[in-house]
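Taken from TrEMBL, the feature domain 'DUF6785' covers 15-208. Residues or ranges marked as transmembrane segment in TrEMBL: 20-41, 62-84, 90-111, 123-142, 180-201, 237-258, 279-300, 312-334. Feature annotation from TrEMBL assigns domain 'DUF6784' to 243-336.
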Amino acid sequence: GLTSDQLITYGVDDQPLMAYQGVGALLAMVLVGLWVGRTHLHGVLLKALGRAPEVDDSDEIMSYRAAVTGAVGGGAVMTTWLWFMGTEFWVAAVFVIVALLIFIGITRILAEAGLAMMRAPMIASDLTMLGLGSTLVGSGSVVNLSLAYVWAADIRVFLMGVAAGGLKMIEAMDVRSRRLMLWAIGFAILIGAGGSCWTVFHLAHSHGGINVANWFFSGGPQVTYDTAARNMDPTGVSWTGLTFFFGGGTVMTILMWARHRFSWWLIHPIGFPIGGNFMMDRVWSSVFIAWTIKVLVLRFGGAPAYRRSQTFFLGMILGEALCSGMWLVIDYFTGQMGNQIFGRG
């Protein structure tokens with residue numbers, strides 16, 4: 001059969017061609033979703049430009065103008081930053097667009113499937129560098145896209161996914177309270193990022209980083225520079241990989257069309273992009289257990305029983321988080337170190 005000797009770091013790292021197929025399906029899912037919602041998005045854009053006063057955004061967490069300005073401005077800053085670092089402008093633009101589409105795709109899957117975490121089948125850096133080849137991308141772009149691993153690689157604990165879940169939870173709030181949640185999210189990001197940076201520097205200077213956590217101070221940083229060094233060798237376009245990429249996108253488009261076209265269609269397309277991801281090995285059983293429970297509740301209790309059961313299962317999730325938090329407090333006061341709170345993926 002077809003094989004590939006390319007090395008990727010995150011996603012389906014043991015089967016590169018499946019990684020291409022998966023990320024093609026993921027991007028197709030996002031693009032089809034954007035096409036389906038094109039009427040709404042057109043209204044959002046017109047509202048942001050001040051040309052559609054009849055479009056109501058008063059019940060959103062932020063105005064459409066702020067959202068569009070933030071998205072466009074943030075993308076422009078990232079692209080320009082990479083360009084100033086020496087990345088070819090078109091490479092920077094392609095990379096940022098692909099990265100943002102992957103972020104949207106992951107967020108949708110987390111929100112729609114209810115997964116606690118997941119990774120993209122292939123990250124934007126690898127797709128750009130390996131799919132297009134280092135000869136076309138350029139050596140400077142290879143180095144800079146490798147450095148982008150810090151924010152576009154191991155994104156299994158993903159802010160956009162967490163925010164999407166939070167927005168669902170505040171639907172019952174009044175408009176004023178929803179707008180206050182935006183400030184709360186920003187404050188949480190500031191505290192989390194600042195506290196994390198302080199902790200890393202404090203532990204590194206107090207105990208020596210290599211003595212504290214090998215991955216954060218040694219393994220993780222090495223991945224970035226090893227990737228850059230490995231991909232500096234001249235390589236051409238991966239036509240085999242791109243064939244699987246477009247093939248995955250085509251199959252995903254057909255699956256989504258069938259789901260919207262036929263009421264009897266039972267295969268949910270959301271599993272296709274992430275089926276080969278190594279993290280799914282750890283959650284497939286839980287997914288099918290939850291699916292079986294849902295089917296049984298709806299079968300024998302109907303919609304009323306299903307709605308009542310949601311509180312119970314949300315309580316289970318809250319209970320796990322509360323238990324982990326309690327153990328952190330206990331470890332702090334007892335001086336225990338090294339206990340694993342959440343299972344590793």
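Any Cβ shown, glycine's included, is placed from N, Cα and C.
Bear in mind that TrEMBL entries carry predicted annotations, made automatically and left uncurated.
As the structure is a computational prediction, the values presented were derived from the model and not from experiment.
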Stretch of maximal Cβ-Cβ contact with the transmembrane segment (90-111) [cut-off: under 8 Å; candidates 20-41, 62-84, 237-258, 279-300, 312-334]: 20-41
Recorded stretch, among 20-41, 62-84, 180-201, maximising Cβ pairs under 8 Å relative to the transmembrane segment (123-142): 20-41
Within the domain 'DUF6784' (243-336), residues counted as helix, strand or coil by DSSP: 78 helix, 0 strand, 16 coil
